[in-house]
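Lifted from Swiss-Prot, the feature list:
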TRANSMEM  19-39  transmembrane segment
TRANSMEM  89-109  transmembrane segment
TRANSMEM  124-144  transmembrane segment
TRANSMEM  158-178  transmembrane segment
TRANSMEM  198-218  transmembrane segment
TRANSMEM  257-277  transmembrane segment
TRANSMEM  279-299  transmembrane segment
TRANSMEM  314-334  transmembrane segment
Amino acid sequence: MEAGIVEAAGMDWEAFQTVAWTLVKIMALVVPLMLGVAYLTYAERKIIGWMQVRIGPNRVGFQGLLQPIADAVKLLMKEIIIPSGASRALFILGPILAIAPALAAWAVIPFSDGLVLADINAGLLYVMAITSMGVYGVIIAGWASNSKYAFLGAMRSAAQIVSYEIAMGFALVGVLMASQSLNLSAIVQGQAGGIQQWYLWPLFPLFVVYLVAGVAETNRAPFDVAEGESEIVAGFHVEYSGMAFAVFFLAEYANMILVAALTTLMFLGGWLSPVAFLPDGIVWWLLKTGFVLFLFLWFRATFPRYRYDQIMRLGWKVFIPITIVWIVFVGGMMQTPYGHLFH
């Protein structure tokens, strides 16, 4: 009997260690991500300020470096006001459903060779499935607010996200054909051999479609009709305040970094060095992801907001046909002597 008790205690201790280690790894991923989100807002204000010949944040800390911390403290101190006609439970559930997929998707993102929380073979499929759930948070937030502005913004956002997910999915089919794997680490390893081996070159139209569709997916300018200030105040989160509003903000920027990271992994060689004489590593992943994020901010500073009908037309009549044509072209070329150019 004593032996059985000791064995059970040993199993419990092993289970506890496994759970504790998993929680440590999750925190090691989430904490830097939240810091990255905070300082992406700072970078956005600084970079767009520089493009518009302004200074940007410069009051809190050296060169305004503590501005994100000040913003977080301000939002934490504000009251979360629930409108009188709102559905209380769904109103609170909306931000949770928005942030959860944005964080959960990071479980399968590899930062370097072997540096990944969960290296699963269906990583690409997992990311596509989990990120598509973010739209439920948007719809619930808009509907539960009991506001016409919020509901209109939610409907716009939901239609836009669903429309551009199709183009993004087709773009990923091209990557899947080239790498012949759904494992994100294997997709990166398939681009080994320098910058000339990146999938950016044979799949360039799919790269452009994926990048622009990613901007639309995250409701960023110039595709931010869901929160068009001049038309419907602030979109689906118009009734939110305090930390509930901040959670939507975090979800948007976490999704931005996620799209940039996926673009890096699938088209720009991930953590692989572009030249043979420099070693691979997480530094390359950070530099490439930072470059894609810079493009996101550059788009915002450059382009005016599109009309809703223009956004829908671009998604359905331009991007989806381009991706289908290029997938057929790549599939056909793979059956010819030039097929090695697409692997």
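Any Cβ shown, glycine's included, is placed from N, Cα and C.
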| query | Taking residues 6+ outside the transmembrane segment (89-109), which of them lie with a CB under 8 Å of any CB in it? | reply | 29-30, 33, 82-83, 116-120, 123, 126-127, 130-134, 136-138, 140-145, 184, 239-240, 244, 247-248, 250-251, 254-255, 258, 261-262, 265
| field | Long-range Cβ neighbours of the transmembrane segment (257-277) (under 8 Å; 6 or more residues past either end) | value | 33, 36-37, 40, 102, 105-106, 109-113, 127, 131, 172, 175, 184, 187-188, 191-192, 194-195, 197-200, 203, 206-207, 210-211, 214-215, 217-218, 284-285, 288-290, 292-293, 296
| said: Using Cβ atoms and a strict cutoff of less than 8 Å, what residues sit near the transmembrane segment (158-178) while being 6 or more residues removed from its termini? | reply: 124, 128, 132, 134-135, 138-139, 187, 190, 199, 202-203, 206-207, 209-210, 213-214, 216-217, 219, 223, 225-226, 266-267, 311-312, 315-316, 319-320, 323-324, 326-327, 330-331, 334, 342-343
| said: As a test: from 19-39, 124-144, 314-334, pick the stretch that has the greatest number of Cβ pairs under 8 Å with the transmembrane segment (198-218). | reply: 314-334
| message | So if I exclude everything within five residues of the ends of the transmembrane segment (124-144), which remaining residues of that chain have a CB under 8 angstroms from its CBs? That is, six or more out. | response | 86-87, 90-91, 93-102, 104-105, 107-109, 150-155, 157-158, 161-162, 165, 168-169, 172, 175-176, 182-184, 187, 217, 226, 235-237, 240, 248, 251, 255, 258, 262
| query | In terms of Cβ proximity under 8 Å, which residues at least six beyond the ends of the transmembrane segment (19-39) contact it? | reply | 68-69, 71-72, 103, 106-107, 117, 250, 253-254, 257
